[in-house]
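Worksheet: one structure, shown below.
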Amino acid sequence: MTTFKEAVTFKDVAVVFTEEELGLLDPAQRKLYRDVMLENFRNLLSVGHQPFHQDTCHFLREEKFWMMGTATQREGNSGGKIQTELESVPEAGAHEEWSCQQIWEQIAKDLTRSQDSIINNSQFFENGDVPSQVEAGLPTIHTGQKPSQGGKCKQSISDVPIFDLPQQLYSEEKSYTCDECGKSICYISALHVHQRVHVGEKLFMCDVCGKEFSQSSHLQTHQRVHTGEKPFKCEQCGKGFSRRSALNVHRKLHTGEKPYICEACGKAFIHDSQLKEHKRIHTGEKPFKCDICGKTFYFRSRLKSHSMVHTGEKPFRCDTCDKSFHQRSALNRHCMVHTGEKPYRCEQCGKGFIGRLDFYKHQVVHTGEKPYNCKECGKSFRWSSCLLNHQRVHSGEKSFKCEECGKGFYTNSQLSSHQRSHSGEKPYKCEECGKGYVTKFNLDLHQRVHTGERPYNCKECGKNFSRASSILNHKRLHCQKKPFKCEDCGKRLVHRTYRKDQPRDYSGENPSKCEDCGRRYKRRLNLDILLSLFLNDT
């Protein structure tokens, strides 16, 4: 027979109010509250649970989950015990049989009539015993015996196997449908709770952060965020979780189980919600929209992180350098800068990366793939972000403005680099010579001087270059492309820098002079390059 490792107690499903909270409820809310509690009671009783356990009675007494006030009470004959009236439940005679369903209906009827009754008695049911009026009828369910008048059954309801209960208890459940979304729900009390989602009603507020919830169970789960409590532990690795559902999802990591498969691409997922979110990538659906800028997102978490950009909120702070971040994942990636950890490594060249996205972007360098094409000029790009930045060149949009000088830029990274020219900040230092640079890109170019790396190769002559701009200028020598023209002598030039030097060339201040056209250059290098052009022309 199947056994359960952890029995569900009445405390697990109880909706708990303090005395102060009960005073804030109006009559309609009190009625809803009573219905929820009675429904929970009924569910536990229907599966053979013993609701009047000693711990349960202590819980009911301490938490005072019923309204204070007008309970009809009387003192018993022994020790001044106080009992709540259950007048409608008669004592079972020797020839009377009472089912659990009948007992439940009688209890519910009485509790409904006196909904303001309190179950906070100091000795509600001594030693966890069920009142004889209620328990007398139970033997016919699990033993078939008929006790004598006033007799007690020695076996508690919790001892009754679930399979021995009458099957009619399960077939009598009704299905209720939500008018708003069409969802089917088994119990009317659960339907009332569900409808709070549509009306936006949130009765339960966190005392720490003020966040509101529609159900007390959600509030209790949320409060573990503040307390740090993680009662659900993984048996495999010992990791703790604040919710049982999170533990169940985590366990699939150990088993490797991924039961939810995408029909479009075949990708498998651990949780059905992950599959549902993934499908939006194929459909293009972005249901989460920012109210401020109108940007849409596939996932609610992305929208939440994006909203912090507008509010300026950066709740995640680095303990090492005090830098703040919008997202915890961004903080985790940043911490790797201090530790030097690079978990993503390229198998082709061995280069390591901190972030998964940077790793994926790098792999495109080896494949040479450029899937993003500009419709204006046909230019191809490896990444969508590069295409987006490029398209601003055609539109002329420069949405990133410098507050110091008013200069506009196509990208935020360009603005950030420019702002360092005002502050004089050069955060990127060369470990070899200590020279500082405004951008990491310039530092990477400089380091090739020390390493001797020249990754750009000319296929025409086999010459190697350390910079992409250098090989681009070099290729013009082979194709005789000279896009720049000297305004003084009309000579076509390969490099834009030659034309910029012209105003000084004819001032007489530059010592290097060309004997063919008479131009002077500030640097001998520029003259040598120009002479090579004359030789190529001849």
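Here the Cβ of each residue, glycine as well, is placed from N, Cα and C on the backbone.
Given the ranges 22-44, 344-366, the record in Swiss-Prot names 344-366 as zinc finger. The range from 94-116, 117-139, 232-254 that Swiss-Prot describes as zinc finger is residues 232-254.
Swiss-Prot lists zinc finger at one of the ranges 484-506, 507-529, namely 484-506. A mean pLDDT of 84 is what the model gives for the zinc finger (204-226). Helix, strand and coil counts from DSSP across the zinc finger (204-226) read 11 helix, 4 strand, 8 coil. Put simply, of 176-198, 260-282, 288-310, 316-338, 456-478, the stretch with the most CB pairs closer than 8 A to the zinc finger (232-254) is 260-282.
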